Amino acid sequence: MSKIELIRVDFRMIHGQVMVKWLKATGAQIIAAVNDDIANDPFLADIYGMAAPSNVDIKVFTKDKVIDYFNNNNSDNSKVLVLFKNVKDAHYCYEKGFPMEHLQIGGLGSGPDRINVHGPITLNAEDAKLLKDMNDKGVKIEFQQVPDDSKASLDKILKKYDFGLN
Amino acid sequence: MAQGITLTQVLLIGLGFYIFHALSLGTTFSGAFYFSPLPMSLVVGIILGDVPQAMLIGAELQLMYLGIIAPGGARPADPSIAALVATSLSISSGMSPELAVAAAVPAGLLGEQLNNLTYIINGSCIQLADKYAEEGNSKGIFFAGAILPALPRIILTIPLMVIVYLGPTAGSAIINMIPNWLTNGLAVVGKILPALGISIAVTSIGKKNLLPYFLLGFFIVQYLSIPILPLAIFGFIMAYLHIVFTNKDDKLPSLSFDTGEESQVYSVLSKKDINKAFFIWWTFGESNHNFERYQAATFTMALSPIINKLYDKKEDRIAAFKRHLVFFNTEALFGSVIPGIAIAMEEQKSLGADISDNAITGVKTGLMGPVAGIGDTLTYGIILPIILSLFIPWAKKGSWIAGFAPPIVFAAITIPVGLALCRLGYKMGSKSVAHLLKLGIVNKIIQGASILGLFIMGGLAASYITVSTPIAFNVASIPMPLQETLDSILKGILPLLTVTGIYTYINKFKGTYFKATLLVFALGLILGAVGIIA
């Protein structure tokens, strides 16, 4: 079965931090980009597929397809970096049986209800609740932009900021 | 005391730093200040009247900061702040370059935190831009995106001026206080630090299967002592041949972006409008960087003259400003294609085509990531380190050229590329990116530039990592220096081990930049103080 090196939530999906830093840090040969909108847009799916360096394969999946792929594909043993666009999608896939031990939060965008919790990485109450749920069920969740940067665990962040979960 | 610093000099240094670095005007011009210590060392050297010494310090720092990149704005240290502190400290207090460089390392790390502070504060500028957008006031958006963000950046400048002002006093105190063993240890740290910069550069440039080119560059320079510039010529030819020999198609992809297929002709807009948009984009691409929406204000500023021209009704203009003031972050050079695409979509929309706000935002945000992935890899991960490497020998000779040339050369190479990409984006619309990627030329350029980069890094490692051992054994009362024995086995074995050690630490043990720096300091101090390495 494919070896999942890193599962990351990053609202920018594929961009410099992933392509320059995490790709090298993980040695991944496949990037699995999970997002229904991109997967259902032939133009964007095409661009994502072609944005890969020559030794890396970028595959775009819908949420349901990616669960299938990782649970039924036994022949391939490539190293994989999985990208989710948002916490909701990651939570959905986890609940439907996507194999997830670790989850990295690399960037969740900005908005009126979002506060910075680790450098530029933000969090809101809705995402905090979903992450805490996964955390309680045993997924190790850490916030980190790039390998050069420090990381912070969800526990630490929830202790520091109040999202009304307790 | 001959040395010292006047208040005028302090103010001039603050001003120079503010203009060239803090304001970040002209992405690929100020990009050289953002990623390299050499230009800032020159500025300080001119003001303090000792350019050769300034450039020597710049050279030491350049080697250690060679591979620094900042995807998504995440940069481990600020090389320009380090250069400013080290250069002024050394010239004004007579501190040795090694000691000054060691003192600058924490300054570079702290400096980055100051930068992050301005990115947070600049979030309020973008909210002001929202207000002006609501009024359809494009001059207001320009004020909020280009003028106002210059204010918080003064925060960066003031603490630095204080440090520079206290430099001579603090410097002399440090020199008098510091024990001999520590001086020796720091000298060794100074010799190992270039290996850190080169390891990081190799990590960001290289695919693992291309690493033999690093070794080739290393041993060619070790055994034949070829200077870096001629080495780069060999590297260039080799990279070209590698591409030709591994090319599966009959002919190499063309270097031209032209397609013959143009979906957009200049109808309402002229070539001049597109050029203007590109130059606004290039000039302010990083100047209002903020953690809330990154380059949203610049993108809107670049398009606003066109929006004003295309839409007669005020409410249409307001809607257009608002739809562009959303999160946008890409690598500004390759990203130039995206304003081009957005302009084409706006023109079509203004002529009555049924293009929704979501369609425009979707294309922008869909493309910004993949384009940044390529741009960060190529522009800052490979091309800039190569340019900087070529000027290190000049810096080592104390020449002003090494500080003056990098921003100019970098801008001169990249502006025509960015302009061509912006025009291509306009002419072909969203198809342009697919077209570029399908040509295969981008991956070929990345591969060729990686080979050249690795080869030059090998040469730099051989030239500038100078660790050696003073240990000698007495064999039948004749002293046998260990270094000679090592040289006879493999020339440059210690520098090579140093650089492979740090490379392995970063790549295999996932060492962060910060931890790697601490490790180099700890090892250097111990090995130097004990006398194993000199």
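Note: Cβ is positioned from N, Cα and C throughout, glycine not excepted.
Per TrEMBL, these features apply:
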TRANSMEM  B:12-35  transmembrane segment
TRANSMEM  B:141-166  transmembrane segment
TRANSMEM  B:178-202  transmembrane segment
TRANSMEM  B:214-241  transmembrane segment
TRANSMEM  B:377-395  transmembrane segment
TRANSMEM  B:401-424  transmembrane segment
TRANSMEM  B:445-468  transmembrane segment
TRANSMEM  B:513-533  transmembrane segment
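With a cut-off of 8 Å on Cβ pairs spaced 6 or more residues apart, the transmembrane segment (B:513-533) and the transmembrane segment (B:178-202) reach 3 or more such pairs and are scored as touching. By number of Cβ pairs under 8 Å, the transmembrane segment (B:214-241) is matched best by B:445-468 from the list B:12-35, B:377-395, B:445-468.
Residues of the same chain lying 6 or more positions beyond the ends of the transmembrane segment (B:178-202) and with a Cβ under 8 Å from any Cβ of it are 60, 62-68, 96-99, 101-102, 105, 211, 214, 385, 453-454, 457, 460-461, 464-467, 495, 498-499, 502-503, 506, 513, 516-517, 520-521, 523-529, 531, 533-534. B:12-35 is the stretch from B:12-35, B:141-166, B:445-468 with the greatest number of Cβ pairs below 8 Å to the transmembrane segment (B:401-424). For the transmembrane segment (B:141-166), the residues of the chain that approach it from at least six positions outside its boundaries are 5, 7, 10-11, 13-14, 17-18, 21-23, 81, 84-85, 88-89, 92, 107, 111, 114-115, 117-118, 121-122, 125-126, 128-129, 131-133, 284, 287-288, 290, 297-298, 300-301, 304, 321, 325, judged by C-beta separation under 8 angstroms.
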